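Presented below is the structure to which this report refers.
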């Protein structure tokens with residue numbers, strides 16, 4: 001009991017549907033997944049049944065109990081507790097399509113309960129019964145209950161079926177008067193034999209189809225081709241479907257900005273207050289939302305569908321031999337793939353990697369793949385400087401896609417190369433075995449997948465970007481509008497007060513210009529990257545704003561042709577190439593740095609990730625700049 005509530009522990013093997021049952025009983029929206037970065041903390045929720053309140057704990061999935069959970073036979077030893085709080089009832093969740101696996105865990109839990117001599121009631125919930133029936137699997141639940149001598153409840157949690165039966169069984173087991181019913185006299189049952197006796201297979205066609213699909217998706221050659229085609233399709237769909245919603249969202253936010261500007265003017269606020277809050281902070285937030293929200297929504301929705309289909313574990317399996325040569329594992333492949341949507345999400349995904357050494361290498365290098373926040377730079381500059389045909393034509397579109405694919409593969413190979421180097425230097429150690437369970441193929445629920453990806457992934461990433469972009473926009477506005485007026489001393493005034501002179505932003509870019517010239521860029525480009533540290537999607541609008549010397553961030557629909565603006569400020573194809581390379585290899589954004597510090601448990605590792613990501617970019621940009629100057633001299 002805890003706080004007057006009966007405690008129910010919900011345990012079972014991974015992907016058995018524990019969290020779905022937990023959500024159905026408690027009304028919460030908890031989601032756990034091996035590829036999203038589940039931290040393994042138990043979920044807690046309450047529900048009422050027959051005027052009784054129950055505290056339900058959703059425990060992390062396990063295949064078997066650890067050895068420390070059982071007392072040693074040769075000495076008196078207190079076993080490690082399995083649950084944070086001693087439960088009144090243990091509910092073991094098993095997958096109907098993999099019943100033998102669930103029965104192995106159930107036998108260990110029953111044995112542990114018998115050794116404690118507490119007669120803790122145990123209830124077996126067999127989930128995915130509809131999926132088992134679709135695969136031609138029939139289960140004799142009456143025989144299963146007679147052999148186990150515990151309540152056995154068939155259910156389909158995804159469709160909210162038989163959840164009341166689970167509540168009734170738990171309510172019955174929690175009554176003290178029924179504790180004698182759980183004596184556990186049949187601990188010698190064989191999970192394999194019991195599964196064979198209880199299951200009748202009436203159709204093996206689905207099993208044959210799964211074998212064929214596994215052969216295709218895990219093939220050393222064809223599996224990699226399918227993986228690349230799937231990622232290419234996701235990226236193409238993301239770029240194609242996000243353009244129009246981004247423009248619509250920007251127009252709506254621009255109208256809202258005008259209304260807010262009118263309200264601030266009506267209230268008589270000072271011009272610098274209106275400028276910093278509306279033209280600085282709010283417009284930076286608008287850009288972050290307009291640029292990130294539509295592509296992240298599409299990308300994470302596609303990624304969630306692939307996860308629900310069971311494709312992602314097979315992708316990790318097919319890439320594991322390749323990554324093993326770099327002293328990494330297949331989980332690193334998934335963290336980089338998820339990092340295409342958001343680097344912070346890719347870093348969080350590294351939690352699924354079991355080896356501490358390989359997990360640290362993945363955390364330090366997963367941010368090297370370009371995220372959606374960097375895509376506007378590539379989308380804007382590649383057609384302007386590296387496409388010989390119009391981007392609207394087939395040839396121009398293919399040329400831009402090929403150029404971007406080369407840059408993307410360069411980032412992936414650079415990340416793998418640095419991971420290999422780290423495994424030989426700072427992160428030495430023996431390679432670990434990559435243990436992976438192939439989950440069954442399941443038809444995803446489109447609506448549920450869309451809501452889960454939106455609530456648990458997209459909105460989380462966009463909220464982090466908004467929190468970083470608002471103060472960054474305010475700071476940038478002050479730098480662009482603060483004019484140095486002191487001849488003898490230090491004095492500042494604002495451009496809105498009619499004062500002319502060099503701004504702090506122009507002074508800042510002038511200081512950076514010598515170093516930027518070594519990298520094939522100018523001080524304004526380098527300043528845009530530095531000031532865009534809070535959110536990567538701010539780099540391009542900052543770059544345009546500084547070139548235009550405006551008092552606010554420009555909109556996505558600015559009438560000034562971008563190519564004319566850049567070339568008039570001295571841009572060549574060398575400048576564009578160095579800018580693209582530096583956009584590919586530079587420090588991660590503030591949100592990603594926080595994620596790295598959280599996963600690595602220290603800001604020193606975040607600083608190491610910044611150096612690891614930036615040094616290749618500096619070296620490559622200096623090399624490109626030197627070669628172009630050398631060739632120009634001949």
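Each Cβ is built from the backbone N, Cα and C atoms, and glycine gets one as well.
What TrEMBL records for 5-176 is domain 'FeoB-type G'.
The transmembrane segment annotation in TrEMBL covers 284-306 (among others).
When Cβ-Cβ distances below 8 Å are used as the criterion, the transmembrane segment (361-388) is approached by residues 238-239, 291-292, 295-296, 299, 327-328, 331-332, 335-336, 339-343, 346-347, 349-350, 353, 395-396, 399-400, 403-404, 407-408, 411-412, 414-416, 418-419, 422-423, 427, 465, 535-537, 539-540, 562-563, 566, 571, 573, 576-577, 579-580, 583-585, 588-589, 592, 596, 599-600, 605, 608-609, 612-613 of the same chain, each at least six residues removed from its ends. Marked as transmembrane segment by TrEMBL: 361-388 (among others).
If you look up TrEMBL, you'll see 394-422 (among others) marked as transmembrane segment. Residues 232, 236, 323, 325-328, 332, 336, 361-362, 364-366, 368-370, 378, 382-383, 386-388, 580, 584-585, 612, 616 of the same chain, all 6+ positions outside the transmembrane segment (394-422), place their C-beta atoms under 8 angstroms from a C-beta of that stretch.
Annotated transmembrane segment per TrEMBL: 465-484 (among others), in sequence order.
The annotation transmembrane segment is assigned in TrEMBL to 490-512 (among others).
The transmembrane segment annotation in TrEMBL covers 524-550 (among others).
Taken from TrEMBL, the feature transmembrane segment applies to 570-593 (among others).
The list of residues near the transmembrane segment (605-627) in space but at least 6 beyond its ends in sequence, with Cβ under 8 angstroms from a Cβ of it, reads 360, 363-365, 367-368, 414, 418, 518-521, 574, 577-578, 581-582, 584-588, 593-594, 596-597. Annotation comment: TrEMBL describes 605-627 (among others) as transmembrane segment.
Per-residue confidence over the domain 'FeoB-type G' (5-176) averages out at a pLDDT of 79.
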